[in-house]
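TrEMBL has this to say about the protein:
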TRANSMEM  B:20-40  transmembrane segment
TRANSMEM  B:74-95  transmembrane segment
TRANSMEM  B:125-152  transmembrane segment
TRANSMEM  B:172-197  transmembrane segment
TRANSMEM  B:209-230  transmembrane segment
TRANSMEM  B:236-258  transmembrane segment
Amino acid sequence: MRKFKFVVILAVVSVLTLGIYTVFIQSIEESDFTVETIKGNPKQPEVRSIQAELYDNGLKDVDYNVELDGHVQKKTNNFISDLFENPSEEKRAPADFRRFIRSDYVTMLKQDGISYAMGAPDNTKWELQYWEEGKQRVVKKIFPAPAEARKLGETQITPYKKIGDSLYVTIYDLQTEVGTQLYKIDLKGDSIQKINLSVSSQDEISLLGIHNEVIVYYVMENINGTDVSKEKLYMSNGKTTKRLKGLKSFSNGQTELSADGSKLIVLEREMNDFNWTLYDIKTKQVEKHSMDIPLVTDEFGLGEYTTLKDGLIYTANRLNDGIYNVRVIDPLSDRILYEGNIKDKLKREETSLNGLVLK
Amino acid sequence: MKQYLMLTNEELKRSWKMIISIILAMAGIEILTVVGRVIYHERQVQEYMSYAKVSESDAIRTIEKLSFEQASSYFSYIILIGVALVLLYAVQIWYRDWLGESKYIYRLLLLPGNRAKIFFAKFTSLALVIISFIGLQWVVIQLSFVIFNWMIKDDYRATSTLGLSRTLKQLYTMNLVDVLVIVTLALFTVSFLFMLILLERSYRKTKGLLFIVLEVIAIVVIMMGGMYIIETLDIFLSQEISAIMIAIFVLYFIYTIWKSLRLLKWKISV
């Protein structure tokens with residue numbers, strides 16, 4: 001042993017010091033989450049798909065996915081796992097599909113567990129691939145680009161929504177960023193139909209919703225000779241278009257057509273102001289709503305996440321003492337469908353809310 | 001095995017005073033920077049109190065409380081100096097055998113048996129120094145934190161929990177797999193340096209330098225060319241690219257060791 005004295009000393013120092021480091025790592029406390037339901041049922045369809053993403057930004061980086069039924073998934077990363085992680089790629093999807101969606105020209109829509117990816121490799125053809133979560137089969141379709149779409153330069157196709165057997169897609173010229181066109185793709189009949197929205201080729205349109213073949217959208221119209229643009233709200237069935245008046249500031253927050261197609265919901269969230277406006281498409285009446293949301297600001301950010309999806313408002317807010325309040329609100333009835341508190345038993349200040357994932 | 005361990009021991013013995021001095025000097029400087037930062041912060045508060053004629057709590061509010069993260073902000077620079085010294089040691093461990101008065105390398109080369117043990121003895125010495133360096137740095141951080149908490153007044157301290165600067169958090173990610181990755185990268189650098197040194201010792205002067213330049217160009221071409229081909233082909237998923245990069249790294253690591261052993265066996269003569 002004496003012959004190897006220096007080797008032994010350094011080996012012992014290495015083992016001991018790394019041992020101290022290991023013991024320290026083991027001693028770091030990690031958040032322990034429980035979910036307390038205040039209102040509603042965590043198993044109801046609107047709530048079942050919600051996951052709260054929480055990050056521990058302390059010494060040990062830990063990501064948590066908390067489902068509202070109390071199930072918690074914990075993940076720690078390292079240099080190697082970081083190399084093999086890419087949140088933008090569908091991890092469980094077949095390799096062919098993952099290869100397709102990584103192309104620059106492909107955009108994706110996830111709806112009801114199906115991922116629709118679409119792109120135009122050139123302006124003569126459109127490629128569509130879709131894949132259902134948990135299945136290996138990828139449906140691939142190639143369509144000749146419609147005549148009007150070919151007139152545009154490099155185009156960006158964005159799948160917007162699937163209704164029945166139809167997939168609605170918007171396309172616009174990537175270079176000019178105007179000239180948006182809307183198409184309906186019949187997935188059974190493999191045909192494409194252009195929907196005329198009666199806008200000039202220079203206008204930029206944003207879709208707000210589609211219901212029973214009626215499309216609600218707004219247009220940013222440039223006032224000739226100036227940099228000023230004006231927003232105008234329209235409703236179209238593809239044949240006739242009607243201007244919708246009476247609703248202001250629909251582009252400031254998140255705006256969406258309600259599930260029954262009767263109202264537009266405009267959600268505006270700023271710090272502690274939690275407001276939404278309902279605009280009745282038939283009567284043109286505007287109703288203002290608000291709700292008290294408890295919110296604590298902290299050094300790690302606002303600790304707040306709010307989104308409007310499928311006609312419902314989903315919001316999560318950090319309260320005192322490691323509590324995250326989650327609510328699902330029906331904006332039409334002004335009713336809280338679900339309210340729950342995600343509680344961190346250890347009340348770790350380093351843990352912060354990243355957002356809600358709606359699967 | 002016994003001869004390899006004895007050679008490793010000999011390598012460490014010859015550098016022992018230097019290793020201990022550097023470790024102690026680094027630990028001493030690090031602890032002193034924390035002590036100095038606490039004293040300086042306290043003095044700042046006191047000076048502000050007498051200058052602005054405000055209470056201690058108002059002065060702390062203006063100057064702001066001190067965290068260990070701030071007090072240890074110089075650690076990353078000292079660690080960088082440590083890394084540079086380890087790299088210098090990787091060069092010195094070979095050249096001292098040639099450049100020393102006793103020409104120790106002749107004794108090493110004339111030892112019976114495979115010359116690979118000379119290479120691995122030096123490589124193991126460096127590995128032990130690197131691992132001890134990482135481990136001891138952690139102990140110094142812990143010790144500095146204890147001293148920081150002991151020295152600073154409670155009202156002056158931002159938080160009593162251990163916080164690390166962003167750079168230190170890159171080194172101490174609280175994940176043992178990352179320690180393994182860092183040690184592997186460090187050993188790759190050592191192995192690459194060993195190969196360059198043995199190239200120079202094998203061919204000497206202009207030819208030696210030429211081979212070094214060629215090796216460096218080769219690795220740059222492999223890296224840049226690999227990345228260019230991957231981007232041009234544009235067929236790989238990011239996970240596949242990562243796997244290819246790791247495979248290239250492992251193969252090149254093996255190549256550097258193989259090349260060094262070959263040079264030591266066939267090119268370096270007494």
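A Cβ is built for glycine as well, from the same backbone N, Cα and C atoms used for every other residue.
Curation plays no part in TrEMBL annotations; they are all automatic predictions.
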Leading stretch by Cβ pairs under 8 Å, where the reference is the transmembrane segment (B:20-40) and the options are B:74-95, B:125-152, B:172-197, B:209-230: B:125-152
Residues of the parent chain within Cβ reach of the transmembrane segment (B:74-95), under 8 Å, 6 or more residues beyond its termini: 11, 15, 18, 22, 26, 29-30, 33, 122, 125-126, 129-130, 133, 137, 141, 144, 165, 167-168, 171, 186, 189-190, 193-194, 197-198, 201
For the transmembrane segment (B:236-258), distant same-chain residues with Cβ under 8 A (at least six beyond the ends): 119, 188, 191-192, 194-195, 219, 222-223, 226, 230
